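Here's the structure we're looking at; comments come further down.
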Amino acid sequence: MRCKFLGSFFLLFSLSSKGADCRDSGTVWGALGHGINLNIPNFQMTDDIDEVRWERGSTLVAEFKRKMKPFLKSGAFEILANGDLKIKNLTRDDSGTYNVTVYSTNGTRILNKALDLRILEMVSKPMIYWECSNATLTCEVLEGTDVELKLYQGKEHLRSLRQKTMSYQWTNLRAPFKCKAVNRVSQESEMEVVNCPEKGLPLYLIVGVSAGGLLLVFFGALFIFCICKRKKRNRRRKGEELEIKASRMSTVERGPKPHSTQASAPASQNPVASQAPPPPGHHLQTPGHRPLPPSHRNREHQPKKRPPPSGTQVHQQKGPPLPRPRVQPKPPCGSGDVSLPPPN
């Protein structure tokens, strides 16, 4: 009997001492948008436990009492059989200090614990990008609270930084790079193999060459356009010149026709001129003219004299030649009568 009493005394003393130790506050981390269980440290539910109370500040959020229905402030809370408090779908408003108190069946408080709940946003998958011109690699994460970035090359840890962006200038590319983003509620990682040429062209040189090529194409197109326009203008000018020449030639061809018609008119009016020439041996004699004597014919066949020198002015007679007067031969000496040639 005495041993049983001593055992009960030591059990109560140990429970009360544990409750005193649990008064020290602890920190619990929760992920935004996810659920969490607030565990009672160093506690195990037994038949001697009569009541478990969870309070946030001075507000009761959940209560377990033996032989009674559990009390829950809202559907976001749930008290489990082991006394833990479950919070569903955490929001930033759920952060704060939660106090848990445990009572025994005889009404003695055997445990009192304060838990500080902090809500963190989970990290997103990091991104790796690099620039070959300056041999720089950058690791970046877009989402997450209290993020720490860790960079590895192969199995070698290169550096760590507590921020969302980290840059590193490499010296070799013998192994792939791995970027790891972590916080107290999540972690994500990404690995990339960096490929760069041995000697990369500077960015300004690439931009300059591209701009020069565009200018060359522009001026080439402008030159071709000007040449085509000039050829078209020359072709139009040549066409106009050909039209002018053709109109002039047609005008010249039409000009002599009236003269030819005028010349043909007298010919048609003079039937004698239009007749066929007489046969050889037949001499056409004009009426009223007689053949000249032989002496006069010989005169006509004599060579003509040279024209007078240039100093003297020669008056040329216009129109047809005038008829010459008849020359009668002198009568022979001794004959008193003048003999006339017989009429034809």
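Just so it is clear, glycine is given a Cβ too, placed from its N, Cα and C backbone atoms.
Swiss-Prot lists region 'CD58 binding region 1' for one of the ranges 56-68, 69-81, 173-185, namely 56-68. Reviewing CYS196, CYS226, the cysteine that Swiss-Prot connects to CYS132 via a disulfide bond turns out to be CYS196. Among the ranges 84-98, 99-113, the one that Swiss-Prot lists as region 'CD58 binding region 2' is 99-113. Taking the C-alpha positions, the distance from CYS196 (disulfide bond) to CYS139 (disulfide bond) comes to 17 Å.
In this structure the C-alpha atoms belonging to CYS132 (disulfide bond) and CYS139 (disulfide bond) are separated by 15 Å.
In the structure as shown, the Cβ atom of CYS196 (disulfide bond) sits within 10 Å of 13 other Cβ atoms.
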